[in-house]
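According to TrEMBL, the features are:
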- B:1-292: region 'Disordered' (REGION)
- B:20-37: compositional bias 'Polar residues' (COMPBIAS)
- B:47-60: compositional bias 'Low complexity' (COMPBIAS)
- B:61-79: compositional bias 'Pro residues' (COMPBIAS)
- B:83-99: compositional bias 'Polar residues' (COMPBIAS)
- B:100-109: compositional bias 'Low complexity' (COMPBIAS)
- B:110-125: compositional bias 'Pro residues' (COMPBIAS)
- B:145-156: compositional bias 'Polar residues' (COMPBIAS)
- B:165-176: compositional bias 'Polar residues' (COMPBIAS)
- B:178-219: compositional bias 'Pro residues' (COMPBIAS)
- B:220-239: compositional bias 'Low complexity' (COMPBIAS)
- B:253-287: compositional bias 'Polar residues' (COMPBIAS)
- B:432-470: domain 'Zinc finger Sec23/Sec24-type' (DOMAIN)
- B:507-747: domain 'Sec23/Sec24 trunk' (DOMAIN)
- B:752-836: domain 'Sec23/Sec24 beta-sandwich' (DOMAIN)
- B:847-942: domain 'Sec23/Sec24 helical' (DOMAIN)
- B:971-1034: domain 'Gelsolin-like' (DOMAIN)
Amino acid sequence: MAADLAGGGGGGAAAADPDGPDGVRMTWNAWPRSKVEASKCVIPVAACIAPIRASPSLLVLPYAPLRCKPPCAAVLNPFARVDFAARIWICPICFSRNHFPPHYAAISETNVPGELYPQCTTVEYAPPPHDAAAAAAAAAAAVPAPIFLFVLDTCLIEEELGFVKSAMRRALGLLPDHALVGLVTFGTQVHLHELGFSDLSKIYVFRGTKEISKEQILDQLGLFSAGIRPGAAGPPGYPKAGLQANGLHPSGSVNRFLLPASDCEYTLNALLDELQTDQWPVEAGNRSRRCTGVALSVAAGLLGACMPGTGARIIALVGGPCTEGPGMIVSKDLSEPVRSHKDLDKDAAPHFHKAVKFYDNLAKQLVNQGHVLDLFASALDQVGVAEMKVAVERTGGLVVLAESFGHPVFKDSFKRIFEDGEQSLGLSFNGTLEINCSKDIKIQGAIGPCTSLEKKGALCADTVIGQGNTTSWRMCGLDRSTCLTVFFDISPSERSSQPGIPNPQLYIQFLTNYQNPEGQMRLRVTTITRKWVDGSANTEELVEGFDQETAAVVLARYISLKMEMEEEFDATRWLDRSLIRLCSRFGDYRKDDPASFTLHPNFSIFPQFMFNLRRSQFVQVFNNSPDETAYFRMLLNRESITNSVVMIQPSLLSYSFNSPPAPALLDVASISADHILLLDAYFSVVIFHGMTIAQWRNMGYQNQPEHQAFAQLLQAPQDDAQIIIRDRFPVPRLVICDQHGSQARFLLAKLNPSATYNSAHEVAPGSDVIFTDDVSLQVFCEHLQRLAVQS
Amino acid sequence: MASSQPFSSVPPRPRPGFSLSPNPTPSSTADALQNLQIGRVPPPSAAPSAAAGPFSSPASRPGPPPPAATLSRPGPPPFASGHPTTSGLPTTSASITSNGPPAFGLGAPRFPPPPPAVQQPPPMGAPASIRAPPQALVSRPFPGSSPSVALPSSQPFMGPPPSSQPYMNPLPSSQPFMGPPSSRPFAGPPSSQPFAGPPSSQPFGAPPSSQPFGAPPSSRPSGGPPSSQTSGGPPSSQPFVGPPSSQPFAGRPSSQPFMGTTTPFRGTLASSSPFGTPSWQLQTQQGAPPMPGTMQAPPRMFGMPPHMPGQPMAPVPPVTGHSPLAGHQVSTPSKIDPNQIPRPVPNTSVVLFETRQGNQANIPPPATSDFIVKDNGNCSPRLMRCTMNQIPCTGDLLSTSSMPLALMIQPFALPHPSEEPIQVVDFGESGPLRCSRCKGYINPFMRFVDQGRHFICNLCGFTNETPRDYYCNLGPDGRRHDADERPELCGGTVEFVATKEYMVRDPMPAVFFFIIDVSMNAIQTGATAAACTAINQALVDLPEGPRTLVGIATFDSSIHFYNIKQASQQPLMLIVPDVQDVYTPLHTDLIVQLSECRQNLEQLLDSIPNMFENNRVADSAFGAAIKAAFLAMKPTGGKLLVFQSVLPSIGIGSLSSREAEGRTNVSSGDKEAHKLLQPADKTLKTMAIEFAEYQVCVDIFLTTQTFVDIASISVVPRTTGGQVYYYYPFSVLSDPAKLYNDLRWNISRPQGFEAVMRVRCSQGLQVQEYSGNFCKRIPSDIDLPAIDCDKTIMVTFKHDDKFQEGSECAFQCALLYTTVYGQRRIRIINLSLPCTSMLSNLFRSADLDTQFTCFLKQAANGIPASPLFQVREQTTNLCINILHSYRKFCATVSSSGQLILPEALKLLPLYTLALVKSIGLRNDGWLDDRSYWVSRSASLSILLAVPLVYPRMISIHDLASKEDDGSLLSATIPLSSEHINDDGIYLLENGEDGLFYVGNMVNPDTLQQLFGVSSVDGVPTQLVLQQFDNDLSKKLIDVVNETRRQRCSYLRLRLCRKGDPSALFFLSYMVEDKTPGGLSYVEFLVHVHRQIQTKMA
């Protein structure tokens, strides 16, 4: 066993990792012990977990985990108490005593298995197949090939279609040879291309206006013939589920449509060559007829013929709104605009709810099948991301919103998903997350790219947040950056609240089963412990355990959810009141004396986060289309805390001759004529040249040898921007602009309006003002102080 | 293959001609036809093609001989004499009589009686007959001839020939005339020589022929005679003469009279005289003149019964002497001499027929005869003919006659090659001149008055003002000066160029969309491959030019479309899997210009059979497939050609196998059995109506080996102006050739698209009903997504007022259509007939073929609606009622013991019997066969209606000994098993199937020569005919090809061996035989007679 550990145990490179070795961050690292206390904390108790975050120190164990007896079923972990003599371990979560099985006989204080190493709170099991003998032989064959089913919109102008084709060609070149590929194109109708037919190009055509069930699709494609009918393949009476589980499902026939990339590359390329834009006529004054909904149904239906558990992604490239059939978001008539937030608010979007319901059902189907929907939307107008959000998010799909298929945001992002190696997103399939936790802790639900498996139990809370009513979630697709937010409720039982059994620690175990990019099934186990804080007296302990970044992000996610779920929800007001309550509770002040107000460092920038959150796209949705809002929220919900913080409060770097690049205040005051600013707002990266810099640049000084320094100055933010862009998915939009240029709005919108036209007289030369009536951070904080100290 | 050359050269398609001048020039059509016949055999077997020579023009053929021969058998009815020799059944003397008088007169003229007559008859022929007093008719006149006598005479003959043919003998000698029809075949050999000689030469030339018709014209004074006859008593005499011979047997045989023939007729008796007289008179007026015109033709006249003038009555064969005792009769049927009873006599001579003469409508020659039409006011009878050539003045008169009043309209009927093409008239922007009230089109019968400033509509009687630019002065005869220069004023048929006013859109292109069944069965039986090959070969026959568009799809449980546009590298297959709710998978490119995709299409057709080689899908989504194809064609309309091989089992309009149920029910005589002949549901009908609305015509080729429910499927072609082709059981060996030829003819025959037709008639009549393959959305018009030269539409009329005696009743059929080359035309077909208040005139002018066709269609319509026995009874009653009416009102004088048949309708009983025994009305028929029969009947032309129920049978083994003058087909044999010998080989054809019956004692040499085998034991039933290098084989091929030409059909050839089940099939066509469920011909006559007697009583 020791030998096994050697490979995985790399060493503590995780020091700089803000998420810690476990990839778990919590709003509160010290938990109030009672419900009342918890509610006084204002910020909900929640954990953000990146279930399969890449970690160099990860220990991979090549055997099956040892589990506590049901119903607990927790996996043996470093927090278990082990009685080496008796060969017994005590589960820290349920306190059950378990005997070590015979193959752990060699265990001793000096010889412990990897999962008991104290630093290995996160380990990954890679158990070999049960039948060891066959393992070697089966290994190669048994690894299911990932499936990529492309769904291409053809209601495009020629140019856009050209971009799509070239993106597709590049993607095909990057696909692993064994990956199975399928192709669906759609416009007025859906074309499913049969790639395994050599005589000529063969296409199944589905009408765009008619909703079609999975059964109908399979039937019409002749995919029912081989084995689904009971009795056809298996012995009589053999349960159907067994058939499928045993791989007798007629996946053979589905191979007409899904072929290994190496086999169909030529066919696909030829097909792309001949692919035309949708030929159905579009009447003047009308939108083209686009049946995105049916196309996705067909794709999902086709994958339904695959063995459940086979990792598959539907990669949809959509260039406009769905105007036909189920999932339609707007009518064909151009005089009817696509719904806006206002329409949604006033319930004036006639197609919205129907479409959402359609995609909700689609999501259920995909989740059942364990398949992922990725959405690449590229259009100037909306395409219906808001409606499709449910299907993408529940299946753990990726989403990218761009203006054009020729735009780098699309092109580079699209390429990323097929890239291998270090740049790889680590796209994995078929994940499930299970949570085990100490009693007194209930799980309310999760926000993020997952679906509740409705596995109810004693650990489920009465109240639900996001995907709740379960201790187990499915993530059909997940990757290294996938992050879930789990909300906990503290509800001590009568017995445990008795002071008799003081157990200062609480334990939570996260079990993530998934199929890694290589196709192997893995189980990652993360066990964490936090301490309980008793009574209301110990504010200090609570304060010490507060993670303001996480708190800000969780709040943003929580409020986004509420805005979607609750009508007439006033987010700004809710945020303000929460913030005030929080400050009242944890601030240091004298009653009714605003001047005396101070905050512990753990809270100090939280108000600023809130200030920016209030102004962000997550709360001020009216500045954006529903599609954009949906897009932003999906990313907010699935990204790590660090990234999410940037979404809420962008970072700003300033470059100048006189000093090295330095973080600058996110304030209009940071603008200066001889500075270059680099703003990272996550979705966009803005390089902003001060007026003087822009002039110099326009005059071409950077090209003159004597002004090399200037050239370097110009280049520095570009390089930094590229670093940001390279690591990020989706690729952010890069905006390069000059002071007073029209594109400068991308920067100005994010800055604290400390100088507005109202205060113009105070402006220093070279700086800027923002034309807004919004309050500045300073005003906001003043008000906060005043309100927080009120009695 | 030799044959193929002719074709290939021919290929000039009819189209071009057709298109250019809207009407195909006769010759071009003929060419086309030829091609058809000859049939290039599809690749598979070269054999069949033997070629018939190009169409040596039948007209030209000298070959009249046969006709002469035809005539009579001496019907030695004389039972008394009852010489066993002739036939089992001696005839009674009483039995057959013809009312000769009128008939004779007519008959004689027509048919070249001469030959046979040579000896004695000749004299009689002309003069004698005429003069003879009616009474003479009676047997007495020819005392000697009295049955007994007759026989003897005949016998002698027989003696000699007998060796070969027992029955025939009798005939030979005496009755040259009659011969043809009945026994001839057999007799042929022996007798033939005698006849042949004389007949050929004389018949025509012979005065006889000329006299009748020609007489008036020029050559003969005969004209004179008729007239005289009419007036005088002569008529009476004539009748007799005539009657005897001609009527009884074949109509034409009129010539018989001479011989002992007369004798047989004793039965005729005076009876004839009664009507005779009246009829005569009438004749004089009308008949006389007309005849001349027609007859003139150098050639011969038609053989058939037709006496134009309509003289009535023929004959009779009656039943035994005295009617009185029913019981007696029953016992006596045997007294009728089977050889004496009326039978059709084919006729190969060509006649020139002028439609009008002396401002009178001429009575057209029989539809089945060969004639050349000169249109001088009335249309060619090929295009439109009426069940009676005089119109009853009142509805009462019509109902008294019990005859139907209907028009058979075949608007694109193929003209004779020697006929003038139909003229096209362009009225410019104003469009054709029409009556402002009834919208009738200008025609020769519109009367210009007031110096031409006004014209009176002959349809509604309204006085219209003549447009200024159409004004023309009238001549002294009241006709416009320019009448002869203007086709619309002098021709019965004309085409107008349609103006914008007649178009709701631009004329549609010629769209041909093929859809092919590729389900497992279709693939495995070779049907798919056959269809692909046929289409591939037929592509060259599609009209050239950018207006020809094609599309193709295949289907099993889903529908596969193909984008065959040349631009794409390879065809693209687009599958529509939803067969419950179909759609078209592309907006464009499914239907493309032929020139643009020919190569791709050919390649695709080549590869389809391979592509689906391993198809295991057994389901067939026929309904969905045609619906999907329709959606693709919706913008243009066009022809949808469907190749279907199994029962549609899935998707819209799917059907269940009603077959099993159907079989048991039919056999058990279930009263509901006929419901299985109705469409299973309304789905297909509803679809078809929609198709029609968008001008999509569906033709269905059923290449099947199983039940496909034609009753349901056929609704689609029937509603859309298409037709069903039925290949059951499909044989990959022999059927591809027919499939190809059928397809080729289908796409290359003269046809029009997006047509609307309306028939107008003079005030006094109104259209009662249209019947045929079309869709009717408003009462007055019928919509024909496509109309072609093979389709006939029946229109029935009823009176709503009276006509004045002596006035004329006009019919005008207007057909608005688009040619395959995209011109919009209006074809106007006019027919104006005299009105009469004399019942006898109606009978005299009755048109047997047309009436029979009418009955056939009515029966076909009735089959799905009522139990079979009822349909049969109704059909029989139609016949009985007519004969009864005739007997009651026109033959009152005759003895009640006689069955008196009007001359013009003397074959009605035979045809009726044949109809009752036809596939459609038989009890034992297979469900699909009957449905097919019903659907085929709906659009059948007169020309093909007769053979459908009364097929033509000729002997093959002795072909070599027959004259090779193109008349080989005329030596028909009655459809009675008595006439079939064990050492003979026979060909029976009904326009659809060609059955070779091979006896069990056939000379192996003959077999070797014909089929290349010395024994037929191993030869498959599905026959592929090859030409071998010997005279017999060549002649056979000639015969087959000639038949194909005549029928515009390739024929499915089948071999029936005596002693085989296949022989039963053949024998089921022997309509004169007694069958378990049906009467023999003689028995039927007795039955009819008895019914009439009952009614009379």
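Backbone N, Cα and C atoms are what each Cβ position is placed from, and that goes for glycine too.
Because the structure is a prediction, the values reported are computed rather than measured.
In terms of C-beta pairs under 8 Å, the stretch of B:432-470, B:847-942, B:971-1034 lying closest in packing to the domain 'Sec23/Sec24 beta-sandwich' (B:752-836) is B:432-470.
Helix, strand and coil counts from DSSP across the domain 'Zinc finger Sec23/Sec24-type' (B:432-470) read 6 helix, 11 strand, 22 coil. Per-residue pLDDT, averaged along the domain 'Gelsolin-like' (B:971-1034), amounts to 88 for this model. Taking H, G and I as helix, E and B as strand and the rest as coil, DSSP gives the domain 'Gelsolin-like' (B:971-1034) the counts 15 helix, 13 strand, 36 coil.
The DSSP breakdown of the domain 'Sec23/Sec24 helical' (B:847-942), given as helix, strand and coil counts, is 62 helix, 0 strand, 34 coil. Counting residue by residue with DSSP, the domain 'Sec23/Sec24 beta-sandwich' (B:752-836) contains 0 helix, 57 strand, 28 coil.
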